[in-house]
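Features as listed in Swiss-Prot:
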DOMAIN    39-266  domain 'Radical SAM core'
BINDING   Cys54, Cys58, Cys61  [4Fe-4S] cluster binding site
BINDING   Cys98, Cys129, Cys189, Arg261  [2Fe-2S] cluster binding site
Amino acid sequence: MEELRNDWTLKEVEILFSLPFNDLLFQAHRIHRQNFDPNQIQVSSLLNIKTGACPEDCSYCSQSSKYDTGLEREKLMEIDLVLQQAKEAQDIGATRFCMGAAWRNPTDKSLAKVILMIQGVKTMGMETCVTLGMLTQEQAFILKEAGLDYYNHNIDTSKEHYSNVVTTRNFQDRLNTLESVQNANIHVCSGGILGLDESQTDRASMLRSLSNLRTHPDSVPFNLLVPIPGTPFENIEPPTESEFVRTIAVARIMMPKSVVRLSAGRTKMGEAMQALCFFAGANSIFYGEQLLTTDNPNINSDKDLFARLGINQKKVNNLQSV
């Protein structure tokens, strides 16, 4: 078994990225097999419980109030409707239900409503995850007391590149919230986005920041940017398929016991690319035809993909594996 490390240097990570592709994938797959069933995928479902009008200026995001993307603002969903969506997700095989709100940070009033959603989903026997923006330490403790399993808070990109992507917050703000979540003993879900005009060194730095947290994130989601018309990044050149797969492989090597999730952008990935990602160490996806405001493969398409690749869908929750 590989030793869990929290002391990676940037040079070490860059050396991993520079390995011949086949050597890198061989090393990543070996580590993946040591820690997980390589033919098993955990499935989550994501629901946007509050859409648009976010005051942040993330250059990639359709939900920012700073850009004209044609997205209509929607208020926080009613609890009954959220629970109905959770039940539908469970019926198609999702074991974790994630709820996202386009906020800079939740108000106490909004948080109280989200807590009722969390408690309702928990009664169904599903894992719960929310992404609500920045949290205070007190809010993190409140969410823990409510029974929250996971908190998603992506760092998006490297510390060095961050100000080129977002200016209404800084990289340390992200780390502060992750620290509050870890202090509350909530499982951390944190990853990034590829396709933000970042360099390979930026990808290496991002993975270094994630792996050098106090404890590794339990889940590490990777998004392939879906360019949104009206945002500053609408014409950004995407990474190549091999660059994306390399990032998955390096993440698996650096964080051997974390669940690595393919998130937004899978509609742009063919079967071979997804298969390479699974071989390199990805072992989770989101089910459902919509991820926040971007398209996602339909469920039957994913089931067919699993069947062709001989992949089994994880039937129970994932907490015992991380």
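Here the Cβ of each residue, glycine as well, is placed from N, Cα and C on the backbone.
Features per Swiss-Prot, on structure.
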| residue | record | Cβ within 10 Å |
| --- | --- | --- |
| Cys54 | [4Fe-4S] cluster binding site | 21 |
| Cys58 | [4Fe-4S] cluster binding site | 22 |
| Cys61 | [4Fe-4S] cluster binding site | 24 |
| Cys98 | [2Fe-2S] cluster binding site | 28 |
| Cys129 | [2Fe-2S] cluster binding site | 24 |
| Cys189 | [2Fe-2S] cluster binding site | 27 |
| Arg261 | [2Fe-2S] cluster binding site | 24 |
Quick one: average pLDDT across the domain 'Radical SAM core' (39-266), no decimals.
89
Whole-number answer please: how many Å between the C-alpha atoms of Cys189 ([2Fe-2S] cluster binding site) and Cys54 ([4Fe-4S] cluster binding site)?
21
Under DSSP, is Cys129 ([2Fe-2S] cluster binding site) helix, strand or coil?
strand
Rounded Cα separation (Å) that holds between Cys61 ([4Fe-4S] cluster binding site) and Cys129 ([2Fe-2S] cluster binding site)
20
Around the recorded [2Fe-2S] cluster site (Cys98, Cys129, Cys189, Arg261), other residues with Cβ within 8 Å of the Cβ centre, ordered by sequence, are Ser44, Leu46, Arg96, Thr131, Tyr150, Asn152, Ser219, Pro221
